[in-house]
């Protein structure tokens, strides 16, 4: 039970306060009615109405219950995948059109058996294709939703990121710059919060928010004037805040608007005044798949309709050879020729392959938002990556702390002991000169002043949750500074009285409100965890100027209640920017902590030397400074006025080690011919140290390989284009620098991927061929502009994505080659077969229409899908990127298709000639199917023998590795006997008969075809040399890169 104490009342020694962890019943179970008057309620009233806490939010169990009872936070009527569109797409394609025409011709000539079979094939193909594509589309849609806007909520006192659709009424939600507000919120805390509500009110100027409570007489005030509320789908443009959810889904303001206009034409949609012919043609193209989908899907759709036109030409050729004497046999021959040229399963196999690829990438922490990215990833030549949290762990800790002094022998440098858990404020801070530990209860005044800046000029939080685990919110850099300040007893909650540890909470037991039995307040039962007195609120925040990626600094203005004379302005940021804003310093900070001296150029140079020394150790260095202003200025001072005339106090060196897997990932990229660039906001020395640690640059890298954004942006486009290579490292990078980097890469013919997380990164992400947003640290605006989202913010996930993109690209080429080769063989067989006529001068068709359908749909499709699932070969990431301009239909693919197709069709034709007066059609049918199935195994590698796919490994193990392909081939070989030997089925449907000795010809010609495949793989290497980029020398890449740049610079100097 615990130990009871009798001091100020009866107290229970428990780990946590049970009134927080239990479910609190709301006063108003009808959450939907609260939204209308929430702006007139105080925070305490609202928490009682919704049964929540302004500090700890809902319990996780209660959030689950509310999600089940109130549904997901999604607008109705916005379906991700339309079943009707998928079904119409199945009907409106070249295959179905050709089959419908073939069915009509069959019924027209009285061949009801064949017409019925083709009708059944149409129904089967449409049904199977519909379910396959619909499931694939739903899979891709669900994966895309994983990268949908997220919400940062507090549940059980712990901050967690969840999909925005899981926000429920009563949730405590935190919002910051760049976030899309996930639901309608009643604000509880704000800090310079401004929100763009143009979507709702049409007002283009962001609205400044507050937490004031309105009177009950203002219940019906316009939504735009309710400054203590923010609304779903609006965007945070400045500051931060927290709020309690008062409306979700259709109960939000945007939901009410959507409901009001449901079934009506949106007011914002302009009238389409184009001619009706143009509108009709656009709709036809849309349903035919010529206007929707990825570039590859559109290209394949166009190919299908081109082949449809070719099918019509083939029909006319068959009719012309028959001198337009259209008999039943001629019609059957024409139908067979028309069906033969169409790769019926091409689009379906592509959709299934892409769905499987996106599903696999999701398991590797990469969410595909746009399918175009799958086509572009394999051609990426350069990866532009952030450093913090992507190349590095993002687990920052203050490792060095230096009080700014001009006394070189002064004992002013300190080191902090590091913990395995970077956010646990445990460990000593040691003086480097003698190893003595600082006592948090007796800190020197100079150290206190500097640490106060780290603590108060900071929006991160560090606290224990109800389970006793340390949790943090905010930017990793600020978290590290907050942890350091907390180690020294100067955490922000201790100084400002904010946060659950210090705020007075309104607590109610699980069964309802506290019943007052007349017991005095001081005699009531309390919990031991809550016995500490409410902390004194010494510092009062008056203004906050958030971190700006352009200014590289942030500042805050506080009133110190222990000092009535003045207010203080605290600033932190990039050390050089803080020095620029400073005019003096403390020459003897510990001996004379109040005596300042002018910051002369010589002193600045000494401070910058110390800055460079810390940065060269791979530390992110933050400058700290403060100044005094009058109390009257505190609430009205502008940023320009506030951020000047500071006293420079200290430098904090923050360590952020590279991820263990980053070095291997960078080496793998180099081996694949991919150049890795690091674009970071850190100082150039820090950036260089980390880049060398992960081998982005070598120790002898030329000067042009590492630049600051200021140096890069100062160059004209011509000067950038004249550089031997684009810089490998850009320090102090601004969002505009990323945009210039993309333009520079495009002018060089490079195919870049760009990563980013901030709102300002969205133009670069949208402009880049492959934009990659960070899923953990990224803003919703950045995610919306990206093609891919990394759920773990890990650079190695980018490497995995590129590797998977290459695998998918190669597999798409494999199954396209497989399907089109079959079509080439069939067309060759049927067109040359026109030359063989019977005694009545009628052409004898080598394959029946149903036989062609069997080959194309039942024989070719399963192996083609199996090829789409083929694993990446071992050397995939040791080859250079493919040319994205060529696409999948490169010259090697076209020539391979013709080479394999002609031999496949030729060997089948030879068998037809040998057995032309016997059971030739069955022999051709069996030969073609066996060759198609064996050909699928040959395509496991474009240039290696099927019998030596992996050096030193038995080939049958490689064949077994892809079991979908393996069983597709074996199943196809077994099924070939059905149309040949089943009575009635063989002669009435396929127009063929059982064979015996002809199997020898089938095996013989199949061996001939396999031999040709092996020979062609040898011949194609020298033939395709002009289209094959030179192999990458992985081990010497960095050295060759550096030597190339250096030699180019030497040449330029000589000129």
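Glycine residues also receive a Cβ, built from the backbone N, Cα and C atoms like all the rest.
Automated prediction, rather than curation, is the source of TrEMBL annotations.
Since this is a predicted model, take the numbers as computed values, not measurements.
Straight from TrEMBL, the features:
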type: DOMAIN; residues: 37-111; note: domain 'Cation-transporting P-type ATPase N-terminal'
type: TRANSMEM; residues: 86-109; note: transmembrane segment
type: TRANSMEM; residues: 115-134; note: transmembrane segment
type: TRANSMEM; residues: 303-324; note: transmembrane segment
type: TRANSMEM; residues: 330-353; note: transmembrane segment
type: TRANSMEM; residues: 815-839; note: transmembrane segment
type: TRANSMEM; residues: 889-914; note: transmembrane segment
type: TRANSMEM; residues: 920-938; note: transmembrane segment
type: TRANSMEM; residues: 959-982; note: transmembrane segment
type: TRANSMEM; residues: 994-1016; note: transmembrane segment
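Non-local neighbours of the transmembrane segment (330-353) in the same chain are 93-95, 98-99, 101-102, 105-106, 108-109, 111, 114, 125, 129, 132-133, 136-137, 289, 296-297, 300-301, 303-304, 307-308, 310-312, 314-315, 317-319, 322, 808, 811-812, 815-816, 819-820, 822-823, 826-827, 829-831, 834, 842-843, 845, 847-849, 851-853, 856-857, 860-861, 864-865, 868-869, 991; each lies 6+ residues outside the stretch with a CB under 8 Å from one of its CB atoms. Residue counts for the domain 'Cation-transporting P-type ATPase N-terminal' (37-111) under DSSP, split into helix (H, G, I), strand (E, B) and coil, are 46 helix, 2 strand, 27 coil. The transmembrane segment (303-324) shares the most Cβ pairs under 8 Å with 815-839, out of the stretches 115-134, 815-839, 889-914, 920-938, 994-1016. For the transmembrane segment (889-914), the partner stretch with the highest count of Cβ pairs under 8 angstroms, out of 115-134, 815-839, 920-938, 994-1016, is 815-839. Mean pLDDT for the domain 'Cation-transporting P-type ATPase N-terminal' (37-111) in this predicted model: 79. Counting only same-chain residues 6+ beyond the ends of the transmembrane segment (815-839), those with a CB under 8 A from a CB of the stretch are 300, 307, 314, 317-318, 321, 333, 336-337, 340-343, 345-346, 349-350, 353, 845-847, 852, 855-856, 860, 863-865, 867-868, 888-889, 893, 896-898, 900-902, 904-906, 908-909, 912-913, 916, 924, 928, 931-932, 935-936, 939.
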